[in-house]
């Protein structure tokens, strides 16, 4: 209660201490990069998870999804998380770092802590588990952090019952400028970590880390927007995605628990001060410069896997959100298939809303043999479609199968995309 009252008092007292100068205007389309989830496993479909997704197109934080503070952490001194430094506008979630006019002492964790810098934190109200998570963000050009991460409590029962553990999954952490300090490399590229926080039966605490994943880049994270993504695949592994780069993969630390990352975590977007002297503290000049002191989150998006044929009807979809260039594709130009009364055809599609895929099978002379319709539920799907035939087809020349993705009850005239595959029948 003392801690909550102290934070509230600080927010009220300091909310008006800072002059609000208009920052440089950024466009959410400054640079196009790869975005959206990777190809899903066979038989699965990525769908948007709205509880952890936000385009930040309003004028205030969506309090049905987010807290404007960290519920259990007030910040790493000398940086204090303050709700006054969180805002939404111009299509962005903004976090503004500032120098406090005077030192502020907060009594927390059984001691007095001195703060002189204002930072910010936005935390999801719900916890989540496996899925793909990404954000598009431009870092502040300071030594304060720009982060996209998840964590749990540290009080889950361990394998010995008397021990405890917690989880932290850092998709990305960075700063926005370089300097003469060891952590200067955090100002460029992407840096991903996974922590297994462990307390043994004697109360000794350990930070067990998986090998760090890095993507190198010549440009600073504050020069432009970047897309950072992470696929929490299962209890043991994750994959990371940086702009248009191929993914890199990580195996979680598993010497205490064979499947360590088995608990839900909360999403956290944080602008904090890092440990000094590993990273230099931000100076007053950069903290007073509106062109440098603000983090811009363009959007955060989360996806979960469902079965291909799951309508996902319990989730309300936003028809204005165009996540994909809608398409249907086959994995190759030709396939071989054993002669049968059905054809099993691998394909994938991306659809912003429920669509249908029209299949037409032709013989070598262009004669239409079979037509069929597949309902393509919204999302990114990878599947094997079974085309039922009236009879076994003769061997010989290849057959052509065309696929058109279109609106429900549509026709060829309003086709959104089409693909073709040639099928060679074998005995």
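Residue 1 is the first one shown; counting continues down the chain.
Glycine too: its Cβ is placed from the backbone N, Cα and C atoms.
Site annotation for substrate in Swiss-Prot covers 73, 76, 168, 173, and the matching candidate from 223, 235, 272, 280 is 272. Swiss-Prot assigns the feature region 'Disordered' to one of the listed ranges (23-45, 46-68), namely 23-45. Of all the binding-site residues listed here (73, 76, 272), 272 has the Cα closest to the Cα of residue 173 (active site, proton donor). Residue 168 (active site, nucleophile) is 16 Å away from residue 76 (substrate binding site) when you measure Cα to Cα. The substrate site is defined by 73, 76, 168, 173, 272, and by the 8 Å test on Cβ atoms against their centroid, the other residues of the chain that qualify are 145, 147, 149, 268, 270.
Of all Cβ atoms in the protein chains displayed, 19 besides its own lie within 10 Å of the Cβ of residue 173 (active site, proton donor). For the recorded positions 73, 76, 168, 272, the ranking by surrounding Cβ atoms (within 10 Å, all protein chains) places 272 first. Taking the domain 'GH16' (32-308) as a whole, pLDDT averages 98 in the prediction.
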